[in-house]
Amino acid sequence: PLMMHQHHPRAVEAATKYFLTQAAAAAMLLFTATTNAYLTGQWDIQQMHHPLSTTIMTLALALKIGLAPLHAWLPEVLQGLDLTTGLILSTWQKLAPFAILLQLPPTNGTALIALGMLSILIGGWGGLNQTQLRKILAYSSIAHLGWMVLILHFCPNLTILALITYLVMTFSAFLTFKLNKALTINMLASSWTKAPMLTSLAPLILLSLAGLPPLTGFMPKWLILQELTKQDLPLAATLAALSALLSLYFYLRLSYAMALTMSPNNIIGTTPWRLQT
């Protein structure tokens with residue numbers, strides 16, 4: 001109902017895609033529960049030790065939150081929503097699947113690492129050629145979720161820390177774009193005329209989302225890389241760190257558009273002598 005509140009064809013399309021995706025994921029979760037009960041006689045999620053059950057459960061939850069390679073619905077759905085509903089989809093809707101993921105027994109570490117690495121890569125590559133802010137934030141969400149899932153098997157506390165940090169930063173980014181009424185990168189270029197103070201703070205929020213030191217978003221990535229190194233996974237840590245540079249690029253592009261450029265179509269910024277004949 002929230003998604004279809006606008007009565008726009010794109011909103012209806014987004015709501016339909018979201019409903020079908022979540023229905024499929026919920027059906028997979030029910031199938032996993034019955035399969036686990038058939039194989040082990042247990043209905044408790046913390047007693048799910050059979051590899052088939054844990055694998056299907058992990059894939060169902062990955063589909064629910066939009067982890068790669070089950071991510072294709074997320075950018076399309078987010079693009080069809082307004083920024084307020086998109087904020088709810090990017091933050092509140094992630095809590096329930098993560099609550100289940102955190103309770104799963106630690107028997108599916110390889111699957112989680114593979115999903116995490118793929119999400120970080122695709123989240124970085126996918127956002128490079130985007131001009132729509134909602135799609136950029138969707139691919140950013142995929143990349144951040146990849147970081148959380150990557151470390152989930154080894155240190156769930158770090159996953160919770162990364163999730164809380166992501167929620168705060170995403171909340172700030174969405175509200176910034178909403179106050180500026182900006183949906184594309186070009187619309188960001190003239191945002192300094194609408195809210196100069198906010199525009200000066202917005203690049204800090206974006207670069208924090210990118211994980212640039214010494215901003216807040218760097219802290220969970222630093223701790224995750226440290227934990228991966230302790231677990232003798234230097235290759236995964238190196239690939240994750242290099243993939244973070246892809247996200248840094250498109251966040252720098254947004255920051256540049258907000259802070260250092262002026263739109264050529266901006267009437268307020270046009271000097272009077274240009275209008276005289």
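The first residue you see is number 1, and the count goes up from there.
Every residue gets a Cβ built from N, Cα and C, even glycine.
Per TrEMBL, the features are:
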type	residues	note
DOMAIN	5-246	domain 'NADH:quinone oxidoreductase/Mrp antiporter transmembrane'
DOMAIN	248-277	domain 'NADH dehydrogenase subunit 2 C-terminal'
TRANSMEM	20-39	transmembrane segment
TRANSMEM	51-74	transmembrane segment
TRANSMEM	111-129	transmembrane segment
TRANSMEM	136-154	transmembrane segment
TRANSMEM	160-177	transmembrane segment
TRANSMEM	198-215	transmembrane segment
TRANSMEM	235-252	transmembrane segment
Contact set, same chain, for the transmembrane segment (20-39): CB under 8 Å, 6 or more residues outside the stretch: 47-48, 50, 52-53, 56-57, 59-61, 63-64, 73, 77, 100
Mean of the pLDDT scores, which run from 0 to 100, over the domain 'NADH dehydrogenase subunit 2 C-terminal' (248-277): 65
